[in-house]
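Peer 1: Please see the structure below; I have some questions.
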Amino acid sequence: MNRSFVARNPSVLIFLALLALFTLGVTVLSEGFGVGMISTSFVKTLGKTLCLCLVAVAMDLIWGFAGILSLGHFAFFGLGGYMIGMWLMYERTRLIVVDALAQGSMPPTPQEVVDGIGNQIFGVVGSSEFPLVWAFADSLVLQLALVVAVPGLLALVFGWLAFRSRVTGVYLSILTQAMTLALALYLFQNDSGLRGNNGLSGLQNLPNVTASQDVVSMWFFWGSALALGSGYLLAAWVVSGKFGSVIRGIRDNEARVRFLGYSVEAYKLALFTLTACIAGIAGALYYPQAGIINPAEIAPIASIYLAVWVAIGGRGRLYGAVIGAAVVSLLSTWFTGGQAPDIPLGFYTVKWVDWWLVLLGLSFVGVTLFAPQGIGGLVDLISDRLRPDRHGADLGPDQGSLREKEAHK
Amino acid sequence: MTFLKSTLTGTLAGTLVAASLGTAAMADEHTIKVGVLHSLSGTMAISETTLKDTMLMLVEQQNAKGGLLGKQLEAVVVDPASDWPLFAEKARELLTVHEVDVMFGNWTSVSRKSVLPVIEELNGLLFYPVQYEGEESSKNVFYTGAAPNQQAIPATDYFLEELGVEKFALLGTDYVYPRTTNNILESYLEGKGIASEDIFVNYTPFGHSDWSKIVADVVALGADGKKVGVISTINGDANIGFYKELAAAGISADDIPVVAFSVGEEELSGLDTSNLVGHLAAWNYFMSADSPENAEFIETWHAFIGDEARVTNDPMEAHYIGFNMWVAAVEAAGTTDVDAVRSAMYGLEYPNLTGGTAVMGVNHHLSKPVLIGEIQADGQFDIISETDPVPGDAWTDFLPESAVLESDWKDLGCGMYNTETKTCVQILSNY
Amino acid sequence: MIRVIAATLALLLTSFSVSAQDTTGAIQQVLQEHSAAILKSSRMTIGPAIDAVADSGLEQAQAVLQAWSDKNMWVREADGLFFRATEAEGGYSLTDFDTGEVVGVFDKDALDQIKPNSGIRALIGTALVQFQLKDPDPLRRQEALTSISRAPDPALLKPLRNSIEMETDPTLRAQKLRQERLLTIGYDADSDARVQAMADMSGDLSVDVRAALNPLVATRRAVVQGDVPEGTNVARILTPGSDALPRVEAYDMLVAADLAQPRVTNAAMRAALEANIADGRVGGVSVQQLGSDAVRRAAYIALADAGTVPPFISEETVQETLDGFTFYDAYADPSRQITDAANDALNAIKLKVGLNQAADLTLDALSLASIYFLAAIGLAITFGVMGVINMAHGEFIMMGAYTGYVVQQIVPNHTLSIIVAIPLAFAVTFAAGVAMERLVIRWLYNRPLETLLATFGISIALQQLAKNIFGTQARPLTAPAWLDGALTLNDVVSISYIRIAIFFLALFFLAVFLFIMKRTRLGLETRAVTQNPRMAASMGINPGRVNMLTFGLGSGIAGVAGVAIGLFAKVTSEMGSDYIVQSFMTVVVGGVGNIWGTLAGATMIGFLQKGIEWGNPSNTLAAQTYMIIFIIIFIQFRPRGIIALKGRAAGD
C-alpha cells in the first residue's frame, strides 16, 4: 500500500505523456507557431474538444465512480462560460467606450463610461441598465473566482437539497435535468440580464490583446491541454485514495456504506461540488474558443450527450471519458460538417448530414446493450486483464453500481 | 485516442496541403468562390435549406450567363447545423481554408452576431437576407433583409391609419428580434400618442403551444371600447398553435386584426388558413406580387427545384437582389477584392421582384418598398398596400440612445457615428 | 401594380373626368367624381367617397357599397369605369351598376380589382347600416348589427330605433334592442335616458357593455396654478410624490405645459459646458478636471450665475414649484350624473368579471392539466408501474401525431380521418413499444440508468428519422369542423371545443387505465410482476409477456395522446421533446406507481403554471421557469411525490 501514486496509477503517466505529445504536435503543425499545416479553425476545434474531455472527466467522476447520473453538468459548464464571458464583454466594450469618449471635448465621468458600456452591451436587447449580476464584471480576478464559485455554489445548494432528502437514482437524474432546463429557460429570458437568447458573443477577441487569432487560439489550446492534464491528475488522485474507495462503495451499495458510519451525503456533496467546479473551469476555457455562449448551450440535451460520451468511452475509468468525449464530438463535427462522403445505395443516397444522428442514436443502444465497457474496454483486451469471476452478479445492488462485465479490476 | 486524433489531423492537414499546392491552386485562378453559410440540419434547416438552394440556383444562372470577370463561379456550401458557435467556426473555415470571395448566409440574429467578429477580423464579406432588429451596421455585412423601419414601422402605421387601431397587443417569442422590435414599437407608439397602458406586451418561449390564456387576455383588452390590434413577432412553430387558438376563439380579422412579421408563405403551409382569412403580414416581397420579374423568378425556381408546389418568400428575394448587386459591384470594380467591391456597392440599383428598384445605401441597408398582405384561404397573401421604397435605417430613430447614431461607410467610414458628439463610437462592431 | 393604377389614374383625370359624365349613369358619375380616392384606397381619404355614394339617394347605392365591400368592384383600365365583376369563362364578366346589364367578359389584365382594406370595409359597413337595417334579408340586417357593434356611431342611433318596431325576427330584435341600449349609453342627448340605459345594462359583463361604459369614465390628467377651474368634472386630486403621481412625473408635466424650467439633465449640462469652453477652461474650471459630476455641476452653476446658461434646477426648487400647482384627473364628460352612474355600473360589473376571470383561468388550468395528464398517462404505465425510464416516450407521441397526419393525407374527410387515426395511432405505437421492449428494454431491467441512455438513443434516432421522412416543417393536422370554435358561456369564460375533447379523452384513458389495472387479468398480472417478478413467475405468470403487453399499452396511449396534441397544437419532429421533461415531472411529482398521483401531479402543475402566468402576464417563459424550480423544491420535501406508495408496493 505504500507504493507511490504514479505506480498505483500507471495510466495517469501514460495519459499525461500522450497529452503532452499531442500538444507539442499540434503546436508544431499550427499556423500560429509552426509550419501551418493545421488551420486555426481546426486548432480551435481541438482546443474545444480538450475542454469537452475535461468536463467528461468530471462527469465520469460523478457517474462512473459515485454512480450519480447527473443530467445537469452542462449547466455548470455553461455557467463557467457565462462568468468569463461577462468580463470579456465588459472589458472589451469598456475599451471601445473609453476610446470613443476620449475623443470628446472633456474627460468622461465614471457614470458616463458605465452608461456607455451598458448601452453597447444591452442595446441589442433594448435596454441600457446594468443588471445586478454584472456587479463584478469589471474585475477579471473576481470573475475568474466566480467561474469556480458560481457553479460550485449552485451544485452545493442543489446537491444539499437533493442528497439530504435522499433523492437517488433515476429521480435524481430527472431532477438534475429539471435544474438545467430551469436554468436554460431562465437565461432565455431577457430579464435575467445576460442578453437572453443572444447570449454573450465575440468572446474570442481578448481585450488589450493585439495578437492574431492564429496565436490566441494556440494560447487557449495550451490552456485547455494544461487544464485537462491537471484535471485528470486531480481526478485520478481523488479516486485513488480513501475518498475514492468510499465513493465507489456508495456507488455499489449506499446503505452498507452508511451503516459503516460514513456520512454518505457529505461525500456525495463534496464530489458533486468538485465536479461542478471542474465543469465550470472547462466551460470558461471552452466558450472563449467558441466565441459565443447562449442559453441553448445548456439545454438538457447537451448534458445527455455528455453522459453518452462517457458511456461510449467507458464509465468508471477516467481515460474512457476522455476517449468518449474526443471521439464522439470529433466524429460529430466530421459527419455534420459535410466532409463525410455520401453513400449511394442506388435507390437512395445516404447523406450523413441527415443520417448521422440516427447512427449516433443507435450506437448508444448498441453500446449499452453489447459493450457496457465502451471503447475503453479495448484497453483491457490489450493489457489482458482478468476479470474477477462473480458468476454474473453485479458488484452491488444499487442502480448506479457496476455490472460484472463493466468492471475492470 | 491519439491514434484517432492524428488520423483526423492527418486527413485535414492533407487537404490543406492539397489546397495550398497543386491542382487546387490552379482551380483557384479559374473560379470565383461564393460561400453559402446556411444551416442544412437542426432547427433552422427548413428555412435555411431553401436559401441554400436559392444561392445554388443564382450561381448556376450566373454561370450560364458566362460567369463573372471571365471566370466561373463556384458555390462552397457548408453546414453550421443551427449551432450558433459553429457558425463562427464555419465562417472562419470558409474564409481561411476555402478562401471564398463572398459569403451569403445566416438566418437568426444570434448566428449573425456569432459570425461578425470572424468576418471583421479576416475582412470577409457577408450578405444577410433576413428581416432583423437593426441596431447594427458592420463594415463587412450587407443587410438585404428589412430593418425595423422597413417592416415594423410601416405595418404599425397601417394599423394606426388604415385600421384605426387604438390599443396594441405586442406578442412575441422571447428572443432578440421581438424584444428589440417591440421596444422600438413601444417607443414609436408612445410618440404617436398611444398611452403606455394601451400597449400590452407578452413574450412566450420558442415552440409555445398553450395559447388560450393569452388569446383571452387579448380579447379582454377590448373592454375599454378601443379598437385592439395584435402585432405578432411570434416565431416559427409557435404560430401554428397561436393561429389555431385564434380561429377557435372566433376572432375575425375585422374585430381584432393580427399583423405578423415572421409569418410568410412557408409558415402558412403548416396550417389550414380558411379561418385566418384577412389577418395580415408585412414583408418586402410576397409570392403573389404581380410583375414579370417575379413570374420569371418563380418559374426558374420551380424548374430548378423540380417541384411546382414550392413557394417563394421574402428572404429569397433578398438573396436574389443581394447576389445580383454583388455581381454588378464586382463587374464595376473589376476585382473581387472586398474593399473595392464594398465601395462599388454604394448606390447600386437592381430591380425588385415586386417592381421598382432596390438601392444599396451607404449604411449597408437596402431601400425597398413595404408590402402588406392579407392571408387568403389558399395560403397566399393578397397584397393590399404597397409603400414607396423606404431606405433601411441601421440605427432606429425611435429609441433615444440610437436616434443620435448614424451609419455611413462611404464618407464617414463609420458604422456607429454619434451625430451629437460628432465622433465615431466604433469601427469594428461590438457584437 | 399601384404604379399602374397611378398611371391610369393620371390619364383618367385628364381625359375622362369631363367626357365620361354625360355618357354614364348617375351612380357611375358619383364614383367617377371620387375615383381618385377610391383607387387610392386609403381609410384616411376614402370618407367623402363613401358618403357621396351613401348620400346620393340613388337606389343603386346599396348595391355599389355592397359590391365594393365584398371586393367585387373592379375598374376597367381602358376607361376607368367601375363595374361589379364576377368570375367567368375567359376572365371576368362586368355588370354596370346603373343599368344592371352585363357589359361583357374581359380579360383579367384589362381590369383592376378595388381592394378595400378592413378599415375601409368597416367604414362602408357603417354607411350600409341605414340601408341594411330594414333590408328584407335577415342576413343583411345581421350585418348591419355587426357593423354597429364594431363601430358605434351617434348617427346610427335614430335609424336603429326606427327599425326596431318592424323587426320580426326575435333574435335580431333582441340584438337591436341591446345595441339601442348601448348606443343610448354613449350618445343619447338626454342624460336621464343614458343613466336609465346604464341601469338596464348593469350586471352584464359583456365586453361591449364595458366598451360602452369605460370611455365615459376615461380621465385626462391636468395641472393648474391655484384651484381647479369651475365646471370641471374632477375624478380626483393628486398629490405630487404619491404613488399615482411621482414627483418626477409631476415636474415633467409642468415642463411639458411650459409652466416650469426644464431640469438640467447630465447630457444637457455636458452640452452646455461644451458650448462654453474657452481657452481650455469653462466656468472657472479647467477642462481636464471635468471628469466627475460634482465638478461639472460646480462649473455649470458658475456659468448659470454668470447668466450664460439657464439656471440649475435643484430639488428644493422643484419642491417649491410643485407646491404652487394643483394636479388632478378630470373626466371628459362634464356631467357628474353620467360619470357617477357609469362608475356605479362598472363597479357592479367588476366583481362579476373578476369571478368569471377566475372561472376562465380555472378552465384553462384544467385544460392544461388534462393535456399534461394525457401526455403523461402512458408514462405512468411504463415508468410508474413498470419502472422503465423511456426517454423515447415523447417520440411515441410524435409518431402518433404523424400517423394522424398521414391518415389525413389519405382520408380527406376530417371526421372520418380522426376516427381512423386514433386506433391506428394506438396500433402503430403499440407495435413500436412492443418492438422496443423486446429488442432493448428487456435486457436492461433493473438497470434504469442504462435504460435511460439507450432509450434516449432511440429517441434521437426516431426524431431524426421523422425529420428525414417528413422534413422539419410543421405538418397540418386539422380538427374536424365540429370541433372548431369554442364553448362560450359569456365574453369572459370560454373554452375551445378541441380542449374539451382532450379533457374527455384524458378522462376516458383514466377510466381505461383503472379498468385494465383493477378489473382485467392483464392488470392483475402486471401488478404481480411489478411487485415481485420471481414470485409471479412461480405462480404461472409469464413476466416477459406481461411486460411486453404493458409496455405496448403505455406506448399506445402515448400515440393517441399524440393525435390529440397534434390537433390543438402542431405536428413537428420535435414535439415529443416539448413534453418529455414535463411528463416525467408530472409522474414524479404525483408519485410513482399510482395513477391518481399522476392525475394530482398534472392538476397541480397545470394550476400552478396558470397561476404564475396570471401573476405575471407579460412573460410566459418566467411561468415555466418558476414552475420547474417549484417542482425541484417540492420534490425535496416530498421525494416520493404527492401520493406516495407505502409498504411492499413501494419497492426498493
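Cβ atoms are placed via backbone N, Cα and C, with glycine included.
Any TrEMBL annotation is an automated prediction that lacks curation.
Feature annotation from TrEMBL assigns transmembrane segment to A:73-90, A:140-163, A:170-188, A:219-239, A:266-286, A:292-311, A:318-335, A:355-382.
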Peer 1: Go through A:73-90, A:170-188, A:266-286, A:292-311, A:355-382 and flag the stretch with the largest number of C-beta pairs under 8 Å relative to the transmembrane segment (A:318-335).
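Peer 2: Ranking A:73-90, A:170-188, A:266-286, A:292-311, A:355-382 by Cβ pairs under 8 Å to the transmembrane segment (A:318-335) puts A:355-382 first.
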Peer 1: Looking at the transmembrane segment (A:140-163) and the transmembrane segment (A:292-311), are there 3+ C-beta pairs under 8 A, with each pair at least 6 apart in sequence?
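Peer 2: Counting Cβ pairs under 8 Å (6 or more apart in sequence), the transmembrane segment (A:140-163) does not reach the transmembrane segment (A:292-311), since there are fewer than 3.
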Peer 1: So which residues does the transmembrane segment (A:219-239) touch in its own chain, when a touch means Cβ under 8 Å and the partner is 6 or more beyond its ends?
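Peer 2: Beyond its ends, the transmembrane segment (A:219-239) has Cβ neighbours at 5, 9, 11-12, 15-16, 19-20, 22-23, 26-27, 30, 43-44, 46-48, 50-51, 53-54, 57-58, 60-61, 65, 247-248, 271, 274, 278, 281-282, 285-286, 288-289, 318, 322.
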Peer 1: Checking distant contacts: for the transmembrane segment (A:355-382), what same-chain residues at least six beyond its ends satisfy Cβ-Cβ under 8 A?
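Peer 2: Apart from its flanks, the transmembrane segment (A:355-382) reaches 308, 310-315, 317, 319-320, 323-324, 327-328, 332, 335-336, 340, 403, 405-406, 408.
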Peer 1: When you scan the chain for residues with a C-beta under 8 Å from the transmembrane segment (A:266-286), skipping those not six or more beyond its ends, what do you find?
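Peer 2: Those are 47-48, 51-52, 54-55, 57-59, 61-62, 65-66, 68, 70, 73-74, 76-81, 83-84, 144, 147-148, 150-152, 154-156, 159-160, 163, 220, 223-224, 227, 231, 234-235, 238, 243, 246-247, 250, in sequence order.
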